[in-house]
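K.L.:
So TrEMBL lists the following for this protein:
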SIGNAL    1-31  signal peptide
DOMAIN    32-335  domain 'Plant heme peroxidase family profile'
DISULFID  Cys42-Cys125  disulfide bond
SITE      Arg69  site 'Transition state stabilizer'
ACT_SITE  His73  active site, proton acceptor
BINDING   Asp74, Val77, Gly79, Asp81, Ser83, Glu95  Ca(2+) 1 binding site
DISULFID  Cys75-Cys80  disulfide bond
DISULFID  Cys131-Cys331  disulfide bond
BINDING   Pro173  substrate binding site
BINDING   His203  heme b binding site
BINDING   Thr204, Asp255, Thr258, Asp263  Ca(2+) 2 binding site
DISULFID  Cys210-Cys242  disulfide bond
Amino acid sequence: KIIDKLMAGRFNLLLVTLCCVCLIFSDLASAQLKQNYYATTCPNVEKIVRGVVNTKFKQTFVTVPATLRLFFHDCFVQGCDASVIIQSTSSNKAEKDHPDNLSLAGDGFDTVIKAKAAVDAVPSCKNKVSCADILTMATRDVIALSGGPSYAVELGRLDGLSSTAASVNGKLPKPTFDLNQLNSMFAANGLTQTDMIALSAAHTLGFSHCDKFANRIYNFSKQFPVDPTLDKTYATQLQSMCPRNVDPRIAIDMDPNTPRTFDNVYYKNLQQGKGLFTSDGVLFTDTRSKPTVNAWAKDSTAFQNAFAAAMNKLGRVGVKTGKNGNIRIDCSAFN
């Protein structure tokens, strides 16, 4: 028994040591990120990407939520390495074909691919800028175009060398999550509860399919078929837009008031019981997160500053460096 205890102690020490080493490598990787990373290799890269994003934005507003969601889904699975853009092959089912990613709108992928082509069309920039960095820049630009903050982005990521559907399992927040589940998943990516509440405001843009919240308006519980935390008028509106057995392709705005503007109305909606998902509503009903919701509902500037800071923190997750990544010639395929 003494030997068993000694061995168990050594094993636990080894686990702690390995975790520390992983954190050190993670910190070293994110340390290579910096503003104006391409100042000498491709000085106009941000202007080039912004031009493509502007053009896409004029063609369809879907570009905004599609690009923003693509960034989230990329960074939460294996880090911000553009692995979500990889196409599946006969020998590999990629991230984008996992059930949780099938609803990612094509305009997000198209934005990155077109921006990459525009960057590579400049001889001095060709094959110098990663798809992961282009996605990061494009995300900042769509946020600004829809009324959100324009912040300086840190660059210097390499593109990942792996993309599998299996790697997505359990890595993305679900619309049914409570605060503990949200905090746990965001903490796994080095993000605080404050960061999580700020980043949840991405739901001020875009749309959702009815099946993602049907349980709240039809089958919440035996006692309450409709989630009692939902505003009654809002719940009735949702039922009219999403009747039982509705076509699964039908989608509705996540923000019922300003769905095309990046703003703090998201938090005002939460105060009124108009958060679409359980994971939205809980931010106001849980006493631990409610004060932050109330603060940002009143102070748009404080919210936008918190959002920009959280986006930069998210952008540091799982950064690939050295032999762990490369710069893809084609964003949708490995070199």
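For all residues, glycine too, the Cβ spot is worked out from N, Cα and C.
The structure displayed is predicted, hence computed values, not measured ones.
How about a rundown of where these features are and what they're close to?
P.N.:
Summarised as a single figure, the pLDDT of the domain 'Plant heme peroxidase family profile' (32-335) averages 97.
For Cys125 (disulfide bond), the same-chain residues 6+ apart in sequence whose C-beta sits under 8 angstroms from its C-beta are Tyr38, Thr41, Cys42, Asn44, Val45, Ile48, Val119.
Listed in sequence order, Leu104, Ala105, Gly108, Ala202, Gly206 are the same-chain residues six or more apart from Arg69 (site 'Transition state stabilizer') with CB atoms under 8 A from its CB.
Counting only same-chain residues six or more apart in sequence, the Cβ atoms lying under 8 angstroms from the Cβ of His73 (active site, proton acceptor) belong to Val84, Glu95, Asp100, Asn101, Leu104, Leu172.
Within the same chain, residues at least six positions away from Asp81 (Ca(2+) 1 binding site) with a Cβ under 8 Å of its Cβ are Asp74, Ala132, Arg157, Leu158, Asp159, Gly160, Gly318, Val319, Lys320, Gly325.
Here the Cβ of Cys80 (disulfide bond) has 30 other Cβ atoms within 10 Å, regardless of which shown protein chain they belong to.
Counting every protein chain shown, the number of other Cβ atoms lying within 10 Å of the Cβ of Cys331 (disulfide bond) is 22.
Taking all protein chains in view, 19 other C-beta atoms sit within 10 angstroms of the C-beta of Pro173 (substrate binding site).
Within the same chain, residues at least six positions away from His203 (heme b binding site) with a Cβ under 8 Å of its Cβ are Met254, Asp255, Tyr266, Gly275, Leu276, Phe277, Asp280.
Cβ neighbour count for Asp255 (Ca(2+) 2 binding site) (all protein chains, 10 Å cutoff from its Cβ): 24.
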K.L.:
If you measure Ser83 (Ca(2+) 1 binding site) to Thr204 (Ca(2+) 2 binding site) at Cα, how many Å is it?
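P.N.:
So the Cα of Thr204 (Ca(2+) 2 binding site) lies 26 Å away from that of Ser83 (Ca(2+) 1 binding site).
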K.L.:
May I ask which residues of the same chain, at least 6 positions away in sequence, place their Cβ under 8 angstroms from the Cβ of Gly79 (Ca(2+) 1 binding site)?
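P.N.:
Sequence-distant Cβ neighbours: Gly160, Val317, Gly318, Val319, Lys320.
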K.L.:
Which has the fewest other CB atoms in a 10 Å radius around its CB: Ser83, Thr204, Thr258, the listed binding-site residues?
P.N.:
Thr258
K.L.:
With the Ca(2+) 1 site defined by Asp74, Val77, Gly79, Asp81, Ser83, Glu95, which remaining residues of that chain have Cβ atoms positioned within 8 Å of the Cβ centroid?
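P.N.:
Everything else in range on the chain: His73, Cys75, Phe76, Gln78, Cys80, Ala82, Val84, Gly160, Ser163, Ser167, Gly318.
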K.L.:
Taking the centroid of the Cβ atoms of Thr204, Asp255, Thr258, Asp263 as the Ca(2+) 2 site, which other residues of that chain lie with their Cβ within 8 Å of it, listed in sequence order?
P.N.:
Leu205, Asn257, Pro259, Arg260, Thr261, Phe262, Asn264, Val265, Tyr266, Asn269
K.L.:
Least buried of the binding-site residues Glu95, Asp263, going by other Cβ atoms within 10 Å?
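P.N.:
Among the binding-site residues Glu95, Asp263, the lowest count of other Cβ atoms within 10 Å belongs to Asp263.
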